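Just below is one structure, and these are the notes that go with it.
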């Protein structure tokens, strides 16, 4: 009957949409994740334009958009099936026309196959949902999806990361249930008979079904499950990626140096055989003594030219606090970030907020080594570095590097290559009085640098205008490792100060994603 035709068609349509979204999600997510670690996707795309490479940094946004679409399609899919089951039940009770009653009465005797999955008037829609393969798996995967989506809310992800992390791994249950879900074959279609059943002619001759040649008893069958064909490729990639990460995890990590700064920042210098990195990349650290399952991302502060890799970890939670006293760990990485593209720009604006300065420590160190080695491949000719901190002691661990760079640049006659500005966004009256007393000193009272610390927040319009004025024909890469609010501001400034004339200054915005 028309009700089944339309419902089955709508179900087929949204199943296709949902399958396409899942397909895109799996392939993009797993290929990107595996690609950054094994195939070095960024290097493969090195021949492509900057815009193409920047799309890799939007994988989290893409992940969220596809998740929203899967949630929407799941809601449509579930509602359509619930309505369908209700219509099936009413048809079995004979509440519609004679045709729907006759189709619901078809059984599996002889050569016929049923259409209505409700095989008895004693079977209720609720009983069908919780006793059929399609119903049980549908409930399981829907609950899994609800838990994954609700635990991904920012308030939970920020405050209860472990809850988000573990519930997000319900995707294994989700996809396992999805593969099995179609085995229930609830949505059924008419199969060809010999002689064929003429539906137009026979729909008004129910009593003649099986008695005349034009109207053999109609036969129906459920479609063969096909979800596995869409997910097997990404799943194989995922298993390979997990094996690769396990192998890397099992490799020995040695400590080269451990420093605990007064500002509760732990510096770890580590050595691992065969480890290679690029500037701005990050690694996942695991400390089995704290948790066998928890992995936390940290940006590397070392340069590729050094024979070790280092991370700076600020004490902000239970895990990092325990890490200060326990330093046995595993390392998984490195992973690619937007900061890797910094040397593709003639001019770079680096903006770090708090501990978000870590990727730029790696970049500045790498530039230092490239200058020492007179590397001819260095395209960057000017760097503007901005660092925003709330507390004075946050500057401590990074000031040594800036002092070294100051001295190196002056000795080479390249003092104008690096322009850096430090901003203290929080202070008290005693600190202000101390600064006033030493206002005439040659070096800053906070950092010991020649460049004095600024108080308050940058005037970004003024900064962008100055960069554009000093670099009238350059392509400027703006890189941020900091909060989303600041990212929104800088992104808008990049658009605002990009000149419509292609021969003049252009700003491209890049942000670290964690």
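Keep in mind that glycine also has a Cβ here, set from the backbone N, Cα and C atoms.
Among the ranges 15-32, 33-50, the one that TrEMBL lists as transmembrane segment is 15-32. Listed ranges 188-207, 208-227, 228-247, 248-267; the one TrEMBL annotates as transmembrane segment is 228-247. Residue ranges 163-184, 273-294 are listed, and TrEMBL annotates 163-184 among them as transmembrane segment. It is 127-151, from the ranges 127-151, 302-326, that TrEMBL records as transmembrane segment. Broken down with DSSP, the domain 'FAD-binding FR-type' (245-359) shows 27 helix, 43 strand, 45 coil.
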